[in-house]
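What follows is a short report on a single structure.
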Amino acid sequence: MSGTCVIGLQWGDEAKGKLVDLLAPRFDWVVRYQGGANAGHTVVAGDETYKLHHIPSGILHSDVQNVITPGVVINPTTMLQEIDGLQARGIDVFENLKVSERAHLVMPWHMIEDATINATAVRGESIGTTNRGIGPCYRDKVGRTHAIRMIDLIEGSRDERIATVAGQKQVLLKNLGASEEELDSIAPEKMVALAASWAERLAPMIADTTDMVLDAAEANQKMLFEGAQGALLDIDHGTYPFVTSSNSSGVGVCAGAGVPPKWINQVLGVCKAYSTRVGGGPFPSELEDETGEKIRKLGNEFGTTTGRPRRCGWFDAVAVRYTARLSGVTRLALMMMDVLAHFDELKVCVAYELDGKEIHRVPAHAEQLRRCKPIYETIQGWNTPVDDARSVDDFPPLAMAYVKRIEELVGIPVGVLSVGPDRAQTIFTEESKVMGL
């Protein structure tokens, strides 16, 4: 089997969805393996723009089978809204999307819990939650007692199970300070009716995706694994506690999708030509000045899911080298090169200064990373638009010098360059041929 992963190497929002959409026709399957509706993928196809949260970006290609595997947590209401939006635009989602019976459900009580707990944030600073209930759902998944899975929707004991957990959650959330209105919204009878409505529509899509994926792999079919968020948000390896609740780096692919490591052949690490972050947490190369604001405006850096303005900064080679090594990246995709075409001078963070010492690693403790001062290398900008570039030969020499320097600092060749949101604004370099792209 040929398995290729698309992994974000920063704090998410690296334009992974664009690449998955572009690469999908070359594969038989697109597999979404972690995260939930907290992640947003934007795909631009001609005059159409699609904003996807649950559904794999391969859904825009009718001859590609899309699957959502056990590592994903699903809000059925949100997913059905997403499905209805796509169906209204002529995309037959039910025909080529299957959802794992093992996937856990984000229930209405999870969103109440998310907002309530986030009100008492770390150091008064939000950990970056989208209040979509993702963290509490993963917490229940690990705790097991209150977890609801997709298969529970179609089992005979559904109503009893839902009613029992809803009643228990009312008690727990009351103790956390939830309002009477919030508690009433998750009354057992309301949750039972809601689950029944979900089951009626989703039942045809629920399947044993683990068995499907393994059968396809053994039949030597080509698979594209689509990650959500970015590796710096990984629950185990990211900038903890300002992280997500799943393994968003390359280490999460096999567990989330249910495939053995031997079937992952290539890993495409996606990063912007600069850095962005949403929500709280340390960000060594952040620019809290007019340069950062210029990047935000040029890159339209506002969250797909929340609409929140993203924090912007220079490219952090220390962080990207770390996540690229962690994820086993074989080639880089350097996105948003068009944004940097408006600067006379660029900077790249090549090391940190921590308590007077130069370091070349990402500290495990958030407070240590917060104390890190970026050590920059200045690179001459090209200050020439590259939006119309369709090959490496169309790039100004100074732009290619920037690309080469990123390759040197990260230690991995660049296989893809992006100069805009449209599919046509994507350039595959000679290095991409190694991946069979």
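Yeah, the Cβs are placed from backbone N, Cα and C, and that goes for glycine too.
The GTP binding site annotation in Swiss-Prot covers 12-18, 40-42, Arg310, 336-338, 418-420. Contacts of Val419 (GTP binding site) defined by a Cβ separation under 8 A and a same-chain sequence distance of 6+ are given as Met337, Asp338, Val386, Asp387, Asp388, Ala389, Gln425, Thr426, Ile427, in order along the sequence.
The annotation active site, proton acceptor is assigned in Swiss-Prot to Asp13. Taking the Cβ of Asp13 (active site, proton acceptor) as centre and 10 Å as the limit, one finds 27 other Cβ atoms among all the protein chains shown. In three-state terms derived from DSSP, Asp13 (active site, proton acceptor) belongs to neither a helical nor a strand segment and is classed as coil.
Per Swiss-Prot, the feature Mg(2+) binding site maps to Asp13, Gly40.
Residues or ranges marked as IMP binding site in Swiss-Prot: Asp13, Glu14, Ala15, Lys16, Asn38, Ala39, Gly40, His41, Thr130, Arg144, Gln229, Thr244, Arg308.
The feature active site, proton donor is assigned by Swiss-Prot to His41, with sequence analysis given as support. When Cβ atoms from all protein chains are considered, those within 10 Å of His41 (active site, proton donor) total 25, not counting its own.
Sequence annotations record features per position, and here Swiss-Prot assigns substrate binding site to Thr304, Thr305, Thr306, Gly307, Arg308, Pro309, Arg310 based on sequence analysis. Sequence-distant contacts of Gly307 (substrate binding site), defined as residues of its own chain at least six apart whose C-beta falls under 8 angstroms from its C-beta, are absent.
Note on proximity: of the recorded positions Asp13, Ala15, Arg310, the one nearest Asn38 (IMP binding site) is Asp13, by Cα distance. Considering only the recorded positions Gly40, His41, Thr130, Gln229, Arg308, Lys18 (GTP binding site) has His41 as its nearest partner by CA-CA distance. A coil conformation is recorded for Asn38 (IMP binding site) in the three-state DSSP classification, outside any helix or strand.
With the fewest other Cβ atoms inside 10 Å of its Cβ, the least crowded of the binding-site residues Lys18, Arg308, Arg310 in this structure is Arg308.
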